[in-house]
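Here TrEMBL flags 5-192 as domain 'Electron transfer flavoprotein alpha/beta-subunit N-terminal'. Taken from TrEMBL, the feature FAD binding site covers Arg221, 246-247, 260-264, 277-284, Asn298.
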Amino acid sequence: MADGICVFAENYNGNIEPVVAELVSAAHVIKEMTGEKIQAVVAASDCENLVRQLNGSGVDEIYAVKTDRDCMFQDDALSQVIAEMIKKINPSSVLVPATTIGRSVFSRVAARLGCGLTADCTELLVDKREDGSFYIKQNKPSFGENVFVTIVTKEGFYPQMMTVRPGVYTPYEAAADGKAKVEYLDDIVLPESGIEVVGVRPASSDTDSILSAEVVVVGGRGAESEENFALLEKFADKLEAAIGGTRPLADTGMIPFEHQIGQTGFTIRPRICISLGVSGAIQHTEGIKDTKLFVAINEDENAPIFNVSDYGIIGDMKEVLQSYLEL
Ligand SMILES: Cc1cc2nc3c(=O)[nH]c(=O)nc-3n(C[C@H](O)[C@H](O)[C@H](O)COP(=O)(O)OP(=O)(O)OC[C@H]3O[C@@H](n4cnc5c(N)ncnc54)[C@H](O)[C@@H]3O)c2cc1C
């Protein structure tokens, strides 16, 4: 019988990616209901190092395959290894980061296993069927991010497999003395790959910068003019803050999608967040609700953003920022 909540331990350059700790949090939410063990799967040439990092991260079991060569970006070969691992472990659910690597590897894993894959979940809820079995409600934005849908894997089909959007869950803080059972699956071998990696160039705009920023300045439609946005950038520069925005700013390309905050964007948890010209629609404020200190500047005293801010300044953002920058 399928049993266990399996987390894909995505790694890069010898490090487990921080997003894995978020998936471990999501797995613990599921475990509270189902009582299943949390498993991590990892396959890499420097596997021992990655297993060390995973041990004590809040997982109960680690399954590892040591590959005979570096297989980063050889998703055709890596997906075969992971699919074989999942067949062997037989978990009831598999949680994968909705990252470029997670998406690419697990669409192939799903095809190999003949199972479904719900992409880009922003909420996972557990429910119980009449026969006592548990299932995961996989909630995600859909249809051009205009509606929210709940996807449920058909009864009796396992694993329930899903990618989870980074930033949605708070990283799991494991007890320092936590130990996992480790098993190396030596009979699984990395096949030849049709992909040759000729070079690696980092992306120019990464989501990490905004997810890990201590201070974030968020612009809304009120900051959309060239003049206002230039002021916002100067302000952010002075505060050494990352820049985020509402969906209209991402739609017009003023900020990259990776910096859109909200239900269909990313969730941030900075120490300080300052929003400029943002009305405060629920779809946006969902993405900032865990901010420690939240300041809003809006010229409309009735703007809903003031209902969720700790401090509010009623005024034209241009005048407020110009005064601040002159100090
Ligand atoms: C399914 C769905 C998912 C969505 N997901 C997201 C999401 O992830 N993120 C997101 O942000 N939105 C999302 N939206 C859109 C959301 O509902 C709002 O439309 C959007 O957040 C509004 O953006 P805004 O506050 O920038 O613009 P507006 O609502 O137009 O507000 C602009 C504000 O700026 C103020 N203002 C104007 N000029 C100035 C000035 N000079 N100085 C000070 N204040 C000024 C105005 O008073 C106003 O309050 C989603 C919508 C749907 C239907």
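Cβ coordinates come from backbone N, Cα and C, glycine included.
Feature map: annotations from TrEMBL on the structure.
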residue: Arg221; record: FAD binding site; DSSP class: helix
residue: Gln260; record: FAD binding site; DSSP class: strand
residue: Val278; record: FAD binding site; DSSP class: coil
residue: His284; record: FAD binding site; DSSP class: helix
Taken over the domain 'Electron transfer flavoprotein alpha/beta-subunit N-terminal' (5-192), the model's mean pLDDT:
95
Counting other CB atoms within 10 Å of each candidate's CB, the least crowded of the binding-site residues Val278, Ala281 is Ala281
Please report the number of other Cβ atoms within 10 Å of the Cβ of Gln263 (FAD binding site).
23
Which of Arg221, Gln260, all binding-site residues, has a Cβ with the fewest other Cβ atoms inside 10 Å
Arg221
